[in-house]
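Annotated features in Swiss-Prot:
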type	residues	note
ACT_SITE	Glu178	active site
BINDING	His21, Glu24, His116	Zn(2+) binding site
BINDING	Arg63, Asn70, Arg71, Tyr164, Ala165, Thr166, Thr167, Arg168, Glu178, Tyr288	substrate binding site
Amino acid sequence: MTSCHIAEEPIKKVAIFGGTHGNELTGVFLVKHWLENGAEIQRTGLEVKPFITNPRAVKKCTRYIDCDLNRIFDLENLGKKMSEDLPYEVRRAQEIYHLFGPKDGEDSYDIIFDLHNTTSNMGCTLILEDSRNNFLIQMFHYIKTSLAPLPCYVYLIEHPSLKYATTRSIAKCPVGIEVGPQPQGVLRADILDQMRKMIKHALDFIHHFNEGKEFPPCAIEVYKIIEKVDYPRDENGEIAAVIHPNLQDQDWKPLHPGDPMFLTLDGKTMPLGGDCTVYPVFVNEAAYYEKKEAFAKTTKLMLNAKSIRCSVH
């Protein structure tokens, strides 16, 4: 009996981005290594290109020079007339777009893995932008299964107003890889090993797929963003409370109505309101202070993928 599956085109071109944020050093370190010796990321019949996305920020070990490269891959910025007056990252975004995009172009990259670190206690995290992408749900299922018993979480940023224009979004299949906790400007061996394994399993999945392996229907648990929460602020806009100790480092754990969220300097606890349990992520992320984000609320749900198989086999 012939199984019912979705026939997908073979994957031909993959890019691995490091240094989208220049002080998130695991991706920088790995990509620089793979540029020197890329044997471990090569797979038969697959073009895999490691790439430093924001070299100036990497050189200065800072998140960005003029603006956040991972927020400006929208039509407005990509369509601006190139000039020296443009912010460095906008010019760089246009260069990257022409090298790796456009999303549905004939020569565009099939998959871009964008490597990030977080100061939050998020462990191994895969970031998904489209809940209907059978191929990526299958890939994430494979990565999660391969990493077990090490947990690997899936963060779904599909949202009408909270989704942002990522560097990787120019690929047909964009994949964010976020591993922490790791301070900015620091390398940790355990975090590096985890990210390296995530890339290995992802490339193995692509190789098996291209070789004709059929992946049966699967389901994965994901955490979908529903709201970003700012710190409490005083009348001057200054932060008036910090993340409560009970919430610190509790990414992915349930936060119930009435549970402590923030703590003021005079000892007052500010609890979660409403009547819904949420799952916080990016708790107390250092890079998000400037974005006025103390953490993001997510809701937990299941995503299903149909069986897939490469169309050339």
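Including glycine, each Cβ sits where the backbone N, Cα and C put it.
Sequence features, as recorded in Swiss-Prot, placed on the structure.
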{"residue": "His21", "record": "Zn(2+) binding site", "contacts (Cβ under 8 Å, 6+ apart)": "Asn54, Ala57, Arg63, Tyr64, Asp68, Leu69, Asn70, His116, Asn117, Ala287"}
{"residue": "Glu24", "record": "Zn(2+) binding site", "contacts (Cβ under 8 Å, 6+ apart)": "Arg63, Leu115, His116, Asn117, Gln182, Gln184"}
{"residue": "Ala165", "record": "substrate binding site", "contacts (Cβ under 8 Å, 6+ apart)": "Arg71, Ile72, Phe73, Asp74, Asn77"}
{"residue": "Thr167", "record": "substrate binding site", "contacts (Cβ under 8 Å, 6+ apart)": "Phe17, Thr20, Thr53, Leu69, Asn70, Phe73, Ala93, Ile96, Ile112, Asp114"}
{"residue": "Glu178", "record": "active site", "contacts (Cβ under 8 Å, 6+ apart)": "His116, Asn117, Thr118, Met122, Thr125, Leu126, Ile127, Tyr155"}
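Within the group of binding-site residues (Arg63, Arg71, His116), the Cβ with the highest number of other Cβ atoms inside 10 Å belongs to His116.
The secondary structure of Thr167 (substrate binding site), as reduced to three states from DSSP, is helical. Those residues of the chain, other than His21, Glu24, His116, with a C-beta within 8 angstroms of the mean position of the Zn(2+) site C-beta atoms are Gly19, Thr20, Asn23, Gly27, Arg63, Asn70, Leu115, Asn117, Thr118, Glu178, Ala287.
Reduced to three states, the DSSP call for Glu178 (active site) is strand.
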